[in-house]
Amino acid sequence: MSNSRQHQGHFARKRFGQNFLVDHGVIDSIVATIGPARGQRMVEIGPGLGALTEPLIERLATPESPLHAVELDRDLIGRLQQRFGALLELHAGDALAFDFRSLAAPGDKPSLRIVGNLPYNISSPLLFHLMTFADAVVDQHFMLQNEVVERMVAEPGTKAFSRLSVMLQYRYVMEKMLDVPPESFQPPPKVDSAIVRMIPYEPHELPDVDPVLLGEIVSAAFSQRRKMLRNTLGDYRETIDFDALGFDLARRAEDVSVAEYVGVAQALAAVRKAG
C-alpha cells in the first residue's frame, strides 16, 4: 500500500486527522458488524471519500430517509453531494460542536445510530461530546486507534483502565468488535485500529448519579495515577466519609471499579446537598 497522502484525487489533511479506509474486505466486515437496515436513522461522522458511506446508503437510505453525515472538510462535502445526491444529507461542521440530538426522531425513544471512522486526534473529546446525547442513541460503531478501544473496554486493575474507561463504562455497554491493520488505510496510520460497539444503558439501568460530580471525582483520582488515592482524593477526606463507604484509599485509581466511583460521587452529592 502506498504511503501517499493522496487518494482519489484528494490529499489527506493532517489537521483533520484524515486516513481513508480502502480495504474492501475490512469495509464489508464493518458494514456487517453495523447491520444497517432500511428506515433506520443513521449518522456517519467524517464520511471522508465515502468508503463506508456507499455501502451504508445501499442498505438503508431512500430520498425520504437519507443517511446523515457530519463532515468538516468542505472539499469533501462537494464531492459527496455530487456522488450521492438526495440519499445523503450532509451537515457541514465540526462534530465536536454538532448537536446530534437535532437529528433524532421526535419523542423520547432512542432513534439514532451513529457510526464513523473517527479522527484519532480528537477521539476522546468527541466520545465525551457524544455522551451528552446518549439518551437519543440506539448504538454507536466507531473506528478508533486500538489503544483507545483497549482503554474504553479495560477492566479495573489493568494498566489500560483510565478516566475514559470509567466515564464511558458508566454510560455504555461496550465491546471491541474488529481489529483493523494500518495497511487498510490510505495513507496508513502509524497505529493499529479497531472497531468498537457502544450501546447506551437505558434510563432505568443507569445509577442515580450526577455525571458532572462523577467526572470530578474520576478526574481527581486519575490526575496522578501512580499515587495512592489518599493523595489524589485527599481534598475530599473532610467531606466524604470514605470509611463508611468501605472505600479503601490505599489503592491507585486503576484499582477502583466503576460502581465504587459512582458511590463516592453519590456521597459527595449528598454532602453538598445537605450543606
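The backbone N, Cα and C atoms fix where each Cβ goes, and this holds for glycine too.
It should be emphasised that the depicted structure is a prediction, and the values quoted were computed from it without experimental measurement.
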Residue in Glu64, Glu71, Glu147 which Swiss-Prot records at the S-adenosyl-L-methionine site where Asn19, Leu21, Gly46, Asp94, Asn117 also bind: Glu71
Close in space, distant in sequence - Gly46 (S-adenosyl-L-methionine binding site), Cβ under 8 Å, 6 or more apart: Val70, Glu71, Leu72, Ala95, Gly116, Asn117, Leu118, Pro119
Candidate with sparsest Cβ neighbourhood (10 Å radius) among Glu71, Asp94, the listed binding-site residues: Asp94
Among the S-adenosyl-L-methionine-binding set Asn19, Leu21, Gly46, Glu71, Asp94, Asn117, as the record gives it, the longest Cα-Cα distance in Å: 20
Cβ-Cβ neighbours of Asn117 (S-adenosyl-L-methionine binding site) (radius 10 Å): 25
